[in-house]
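Q: Take a look at the following structure, please.
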Amino acid sequence: MEFLRFLQRESGAIGRRIALVTLLGGAVSGLMVTIILGAASAATAQGESFRYLLLFLIALVAMMTAKRYSLRHTGELTEGIVERLRLRVADKIRRAELLFFESTGPAQFTTLLTKETQTISSTVSMAINASASAVMLLVAFLFIAYLSVPAFLLTLGAMATAVIAYRWSLSTAEPQLQQTLEMEVGFFGLIEHLLDGFKELKVDARKNRDLFDNHLRPLATKVTNLKVETNNSFVTTTLITHSAFYGLLGVIIFLLPRFAQAEGSVVIKISTVILFIFGPMAEVVGVVPYIAKAAVAIRAIETMESKLDDELSHVPTVNFADDPAPLPLREIEVRDLVFSYKNPDGTPGYTVGPLNVTIPLGEVLFIQGGNGGGKSTFLKLLTGLYQPAGGALYLNGHRLQPSQYHRYRNMFSVIFTDFHLFDRLYGLQNVDEDRLNERLQEMELDAKTSYYEGRFSTLNLSTGQRKRLSLIIALLDDKPILVFDEWAADQDPIFRRHFYEVILPELKRQGKTIIAATHDDRYFSAADRVLKMEYGRFVNGAPK
Ligand SMILES: Nc1ncnc2c1ncn2[C@@H]1O[C@H](COP(=O)(O)OP(=O)(O)OP(=O)(O)O)[C@@H](O)[C@H]1O
């Protein structure tokens, strides 16, 4: 049912057209059986035979036309569903808050957007074929009812046996399928560790063996065993269904003539119909396990979407179609700002605040403090990436409204410690390539990478070089406020000095506001002010 509801919702006009044509095609296939049987009984009558030949040809053309239509458009439909689903969920992900994104974890998003959407789309095409077969079965059953009511009741009995058997196996299979999906999310999480931790695993055989043999392999085996178990429960059901229909055939051939006084010709016709529908019946029952799997995938995606919807209902809608106009800025004030991470059990975890600081436009502000003091958390609050639990940000004395957060965030260029380097200058339409090349030279990157046909030739750079490239990109973004989270930590003494003594003064001259988390006390003189954070709070301002 979930699957049908999903199809109805997601398939749109093309889906309705395919459904109609497929069902008509199925009905004509069912009628084909009656035409063949009619033609066989009228084989000796010349005129009758010609009439059946004509009907046979018309039915054949209709069937093939319907088949051609549904085969040609099924790809369009299934790929369209995958595209819409992926883009819709990806669009919701990009609108979610950072905290939600961090707590969900990428493995879940990746599994749902890749493997599970594919499971759904392949099932859709199988289900379309099976639905034509289902209609054909229906027409064949009606024909059996027309030939003999007792035979029809027996057929219904066989059908009921199949339905009960499938209900039984679905009730055991569904929790198993759900468990398989959860395990696969875990499996992809381990694959992420394998890929992200490639170097660490390469140099440590024990770690490598432990991850692979004690975690990855057992999980893969568990997933396989569970899948085999689920599959086996469907094998039993398939056997029960096939036995029910063979039993039906036996009863119709051997018992019907005795107990229901059915004529030999009727028995032959009914037996032929049953033999004729064996293939379509196998197709219909064969698709059930796939539909069960797709239903679990649909439920998982719907659950994720409803979590995303719930998340998005708490944040103002963001319009990505237009570039947000910068807010007028004289100063940013952080007033009594409080924020807590949540522990896995939902209780408040590490807390920062209350934080109070006013940052005038054009100031160079350094934040220093020990590891875990809360600097990065403060920067995420300051840049509007985290929503405070208490207190607020004020712009020029006015409280920043939730609806202004999007515009506010867009005034920042931020380089976090775990920054991501994009291969292109996304968002920059008219790249000043001369300026870019000058910067590449200044950062001694011109021999390493170049900007060609809208992308950097390589991003295989050292950590310090990657950071320098991220700095170039931040400078080209030309935002009024720049935030650096320990940018210079990976730089050699020359570039560290260049950053504090050339780049920052240059930015200050341009009127930019700079907020930098740093441990480089040698260069504190480059700041207008230095604040110290400990245990999530600002303590006495450190001397410059
Ligand atoms: N996503 C998160 N979920 C839960 N807790 C977090 C998260 N990110 C950070 N924390 C916690 O917040 C505390 C402060 O971390 P933060 O990164 O803000 O410190 P920091 O001052 O930038 O440290 P460092 O100098 O090491 O970069 C840490 O103790 C950490 O446990």
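For all residues, glycine too, the Cβ spot is worked out from N, Cα and C.
Below, the features straight out of TrEMBL:
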DOMAIN    18-293  domain 'ABC transmembrane type-1'
TRANSMEM  20-43  transmembrane segment
TRANSMEM  49-66  transmembrane segment
TRANSMEM  135-168  transmembrane segment
TRANSMEM  234-256  transmembrane segment
TRANSMEM  268-292  transmembrane segment
DOMAIN    332-544  domain 'ABC transporter'
Q: When you scan the chain for residues with a C-beta under 8 Å from the transmembrane segment (234-256), skipping those not six or more beyond its ends, what do you find?
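A: Same-chain contacts beyond the flanks: 148, 150-151, 154-155, 157-158, 161-162, 165-166, 168-169, 173, 262, 267, 270-271, 274-275, 278, 281-282, 285-286, 288-289.
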Q: Could you give the residue numbers and ranges of same-chain residues that sit at least 6 residues beyond the transmembrane segment (135-168) on either side and whose C-beta is under 8 angstroms from one of its C-beta atoms?
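A: Residues packing against the transmembrane segment (135-168) from afar: 22-23, 26-27, 29-31, 33-34, 236-237, 240-241, 244-245, 247-248, 251-252, 256, 259-260, 262, 266, 269-270, 273-274, 276-277, 280-281, 284-285, 288.
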Q: Report, as numbers and ranges, every residue of the chain located at least six residues beyond the transmembrane segment (268-292) whose Cβ falls under 8 Å of a Cβ in that stretch; write 'none' if there are none.
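A: Residues packing against the transmembrane segment (268-292) from afar: 3, 29, 33, 36-37, 41, 122-123, 126-127, 129-130, 133-134, 136-137, 140, 143-144, 147-148, 151, 155, 162, 166, 170, 173-174, 177, 230-231, 234, 237-238, 241-242, 245, 248-249, 252-253, 256, 262.
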